[in-house]
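Record features, source TrEMBL:
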- Cys393: active site, nucleophile (ACT_SITE)
- Cys271, Ala272, Ala273, Pro274, Gly275, Gly276, Lys277, Asp295, Asp340: S-adenosyl-L-methionine binding site (BINDING)
- 181-454: domain 'SAM-dependent MTase RsmB/NOP-type' (DOMAIN)
Amino acid sequence: MANQNQLKTQVNTRNIALTILQSIFQDQAYTHVAIDHYFKMHKGLSKQDRAFITRLVEGTVEHCITLDYIINQFSKTKTPKMKKIILYILRLAVYQIKYMDKVPISAICNEAVKLTKKRKFHPLSGFVNGVLRTIGRKLDEVVYPKEVHDPIQYLSIMYSFPEWLIRLWLKHYPYDTVKEMCENSNKTVDTTIRCNTTRTTAYALKKELEAENITVEQGYLLDDALHIKDYDHLRAVQAFKEGKFSVQDESSMLVGHLASPKNGQRIMDVCAAPGGKSTHVAELMGNTGQVLARDIYPKKLELLEENVKRLHLKNVEIQAYNALEIDKDMVGQADIVLVDAPCSGLGIIRKKPDIRYNIHEEGIKELVCLQKDILKVVQQYVKPEGILMYSTCTVNPEENQNNVTWFTRNYPFDLVPIQDELPEPLEEDERGMIQLLPGFHHTDGFFIAKLKKRAVDLYE
Ligand SMILES: C[S@@+](CC[C@H](N)C(=O)[O-])C[C@H]1O[C@@H](n2cnc3c(N)ncnc32)[C@H](O)[C@@H]1O
């Protein structure tokens, strides 16, 4: 009886996983958004079911190229020719066969066949069954590309990254570094949180979370950071509801610290939503001064507003504003301008696995132009001798170091060395910028440059 119940749950969870995968593969929904959305709409699922569904969905997306490679070795109909839903059912099942060794192969095949019938593709259930049973039997016989013969194809298939992306990284980083970036980008990570120091201390927060049976570890780089796991809903955690912390990676927290805002200052965050950096600098100023938090998308600003309220911050003003349009009233008014630019996001693939499939080279070129155009406009808001923080969550030098070089050549700004303010073991590069690579220091891949406007604007 217990087994039957278990099986019933598994059927449902796989069907849910398939529905979520459809919205990701078909409608290009972000993985984390699609999962969150489903769970918000279907509240009755148990913690265990939600964890299983999340693992199935994230794992299938993460390993999609590898899964298709395996399927194509055993199926006469190749993946580009398959009916979409059949392809998703196969990917979901092959993910379980290859990466979840606790689930018996026969159960995985049976569930996939049931899913095929449930989605009204009865005639194809034999095909699905045949392909999966062969893969189950012959998984060890899959012929993978050889690293020595074709390292690019090897990395692409083994770590599920498009070849163009591997080539892009190899233009800028040594082979072993690229391999480690691929490997780290597929690892699951704990949630990193930032203590709201206007409400509590990291020590007190740690104790409070532990009392709720949450596993907590100290930050690797920063005192106000904690790493948490074994919680259910974040929104159900009491300390979260009371605004005692925000979710933020340690790399991203560095921006606030390196900006070193002083009480009473005026800070403009021109690409602010959902507000990780705006709320951090607001907290660092101890609820004094003003943070003008702007973003082009009003919908995203709703989340920022919710965060500001939850964190009990009184010094954040939120405005929907396109950073490409000059706001004449703000010229020369900001002590600090934060430009956390829209970017390719190649440093956060471990948290958003679909980025690798949705971004493309043309899109990156457009982003580089957008980043420059934003910088061109918003540099005007910085007071003489004020600070502009430029940051991205990518590991692509075109969007990072090259943009900063272009910027300092064209505008009256100089790079400020940051080594003394960086926590160990981080190191700035020879020009004073920092490029963190995904998973190398327990952080996302992230880039930061601190720039100071000259006292006399020689360019005017
Ligand atoms: C990297 S995200 C910012 C993350 C945010 N700083 C944080 O720490 O939570 C980049 C943001 O830029 C916004 N954006 C894109 N184009 C913009 C524009 N032209 N003007 C203002 N914001 C823009 C996007 O909506 C997105 O929220």
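Backbone N, Cα and C define each Cβ position, glycine as well.
Unlike curated entries, TrEMBL annotations are predicted automatically.
On the structure: features taken from TrEMBL.
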residue	record	CB count, 10 Å
Cys271	S-adenosyl-L-methionine binding site	22
Ala273	S-adenosyl-L-methionine binding site	24
Gly275	S-adenosyl-L-methionine binding site	27
Lys277	S-adenosyl-L-methionine binding site	24
Asp340	S-adenosyl-L-methionine binding site	21
Cys393	active site, nucleophile	26
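Cys393 (active site, nucleophile) sits 15 Å from Gly275 (S-adenosyl-L-methionine binding site), taking the C-alpha atoms as the reference points. Excluding the listed site residues Cys271, Ala272, Ala273, Pro274, Gly275, Gly276, Lys277, Asp295, Asp340, the same chain places Asp269, Ser278, Ala293, Lys300, Leu304 with Cβ atoms within 8 Å of the centre of the S-adenosyl-L-methionine site Cβ atoms.
Within the set Cys271, Ala272, Ala273, Pro274, Gly275, Gly276, Lys277, Asp295, Asp340 that the record links to S-adenosyl-L-methionine, no two Cα atoms are more than 13 Å apart, and one pair reaches that distance.
Taken residue by residue with DSSP, Gly275 (S-adenosyl-L-methionine binding site) is part of neither helix nor strand, so it is coil. DSSP gives Asp340 (S-adenosyl-L-methionine binding site) a strand state.
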